[in-house]
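Novice: Shown below is the structure under consideration.
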Amino acid sequence: GDILDDYLRTDGVWILTRNKQFYKTNNEKECAEKCEAETNFNCRAFLFTRKKLQCLTLAENAKMSVMFASMDAVLYEKRIYLLECKRGIGKDYRGTEAKTWRGIPCQKWAERIPHKPNYTPQKYPNAGLEENYCRNPDGDENGPWCYTTDPATRYDYCNISECEDQVTQTGEVECMQCNGEDYHGEVSRTESGLQCQHWDAQQPHMHGFTLKHYPEKDLRMNYCRNPDGELRPWCFTTSPTKRWEYCKIPRCTTRPPVSDPGSQCLSGKGEDYRGRIAMTESGNACQHWNTQFPHKHGWIPDTYPCKGLEENYCRNPDGEKRPWCYTTNRSVRWEYCRIPPCDGREQEIAGMNDVPIQVPLTEECYRGKGQSYRGTTSITASGKACQAWNSMFPHRHEKTPDKFPDADLRDNYCRNPDGDNSPWCFTTDPNILWEYCNLKRCDDHTQE
C-alpha cells in the first residue's frame, strides 16, 4: 500500500518540538521515507510545508506536544504511536500507558534499578522500548507488560483495552453506505483508538453539534456520526490535544438501496435536487464535478458516491442554503443556482413567459446598529466567509443560538447579538477571529 496509509493526516496545523530534523523533499511521500529512515531519533511524525517543500521529521506527535494553526503546513502522525488500545497480544502497541494493572509505575527500560532487565532498547531496538511505557517485546500471550518500580515485583502486565473491532451484538460487522451519513452503529473510538467524547458534553472540546441543533442526526452517546457531510463518520475525542478524528468504519460491500430518482425542483435546501439545471443565477455555466479546471475542489463524484454529482448539474452536497456549482468563469469560484420551487408555482411560472417574475430581494442593509438585521449576507467586509454560529471551528466562542435565542443566529448569517456597531460574524480564517460584515446602513429614501 501507500506509505502514507500508515500516517494520520491533519491539514493546517504545526506542533512545537525540540527534537527534529530538516530535509528538502518534493512531496509528502519523500518526507515519509525520511521519517522511516530517521536514525537521529524515533520518528513519530513529520511536517510538510507545501510552498517551501520543507520536510521536518519529529520525535514527538500531537499527543506529546503543543499544536497550533499554520495554514501552509500538513502534519502526518504515525498511526501506531496514536493507538492507546492493543490489537491481539499488543506486540505493536506503542501507546503511553506506564503503570501495571495494579497501578504500580513502570521502571524505565534503559534503567537497571530496581531490576536488571533482559529486554533493553540496545538489545531490541525495534521493540519500541522507550521511557517506561508498557510493551510486549517477547510476544507474551497476556499482552503488554513492564518491569515495575516495586523491588518485590520484577514485572507485571498492563491494563490495555482492546481496540474496538466494530462488531455488533448480533455478530455482524458494522459498515457504512455512501459517506456514512446514515450510519447508526455503536463504534465509539476513532481510527487511532481514542475514545469519543459524548455529543452532549462540552469537555474537553466545546462544539455546536448537539441533539437540539441536529435532532435528525442521531447524536446519541459518544457514537461516531457524520452530521455535517464529511468524508466518513467522526467524533470529537476525549484527548485535549486532538479535537476530532475520523472513525474507522468499513464501507458495506453491498450496494446502497435504490433511492427515488430525486427531486426535480427545490424543496428545503435542495439537498435531494437531482434536476439538470447547469447554470448559476447570474448566468455562469457550471464546471463539471469530475474536473479540476478552472477551479480545484474536493467534491469528487467517486469520493461522494451518493451526492448526485453528475455532469455539471447544480447540487447541494454540503448543506448550503440552496443548490450551487463551481463555475467555468475563472474569476467566480462558485455561485448558487436558481431552481424552481416545489410548491406548484413552477408550472404557473412556466406559463407566464411574458410576465416579469418578481424575486424578493434579500435584505442587504441594516438599520441602527443592525440588531434587527435578518438578511442572509455571510461575507465579511474583507471578503472572508463567516463561521456558522453553532460551530466551534476554527474559533471557539460563546455567541451561540442557545445563549442568544432572540438574535436569530442561524447558519453563518451576519448578525449583531451583542449590540456592536453593526452586524458581524466570526470568520473561517483561523488567524482572524471576527470582522464586521459587508453591509451598508439602510437609507430611508433608498428603502422606499
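Placement of Cβ uses the backbone N, Cα and C atoms for every residue, glycine included.
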Novice: Between Cys235, Cys325, Cys337, Cys342, which residue forms the disulfide that TrEMBL gives for Cys286?
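Specialist: Answer per TrEMBL: Cys325.
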Novice: I'd like to confirm something. Which of the disulfide-bonded residues, Cys265, Cys314, Cys337, Cys442, has a Cα closest to the Cα of Cys175 (disulfide bond)?
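Specialist: So, of the listed disulfide-bonded residues, the one sitting closest to Cys175 (disulfide bond) is Cys314.
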Novice: Between the Cα atoms of Cys414 (disulfide bond) and Cys337 (disulfide bond), find the distance and write it as a whole number of Å.
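Specialist: Here the two Cα atoms lie 22 Å apart.
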Novice: Looking at the domain 'Kringle' (364-442) alone, can you tell me the average pLDDT?
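Specialist: Mean per-residue confidence for the domain 'Kringle' (364-442): 87 out of 100.
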Novice: What's the most sparsely packed of the disulfide-bonded residues Cys196, Cys224, counting other C-beta atoms within 10 A?
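Specialist: The disulfide-bonded residues Cys196, Cys224 were compared, and Cys196 has the fewest Cβ atoms within 10 Å.
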Novice: Out of Cys196, Cys325, Cys342, Cys386, Cys425, give those disulfide-bonded residues positioned within 10 angstroms of Cys437 (disulfide bond), comparing C-alpha atoms, in sequence order.
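Specialist: Of everything listed, what lies within 10 Å of Cys437 (disulfide bond) (Cα to Cα) is Cys386, Cys425.
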Novice: Determine, using Cα-Cα distances only, which of these disulfide-bonded residues is closest to Cys286 (disulfide bond): Cys265, Cys314, Cys342.
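Specialist: Looking at Cα distances from Cys286 (disulfide bond), the smallest one goes to Cys314.
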Novice: Rounded to an integer, what is the Cα-Cα distance in Å between Cys442 (disulfide bond) and Cys247 (disulfide bond)?
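Specialist: Here the two Cα atoms are 48 Å apart.
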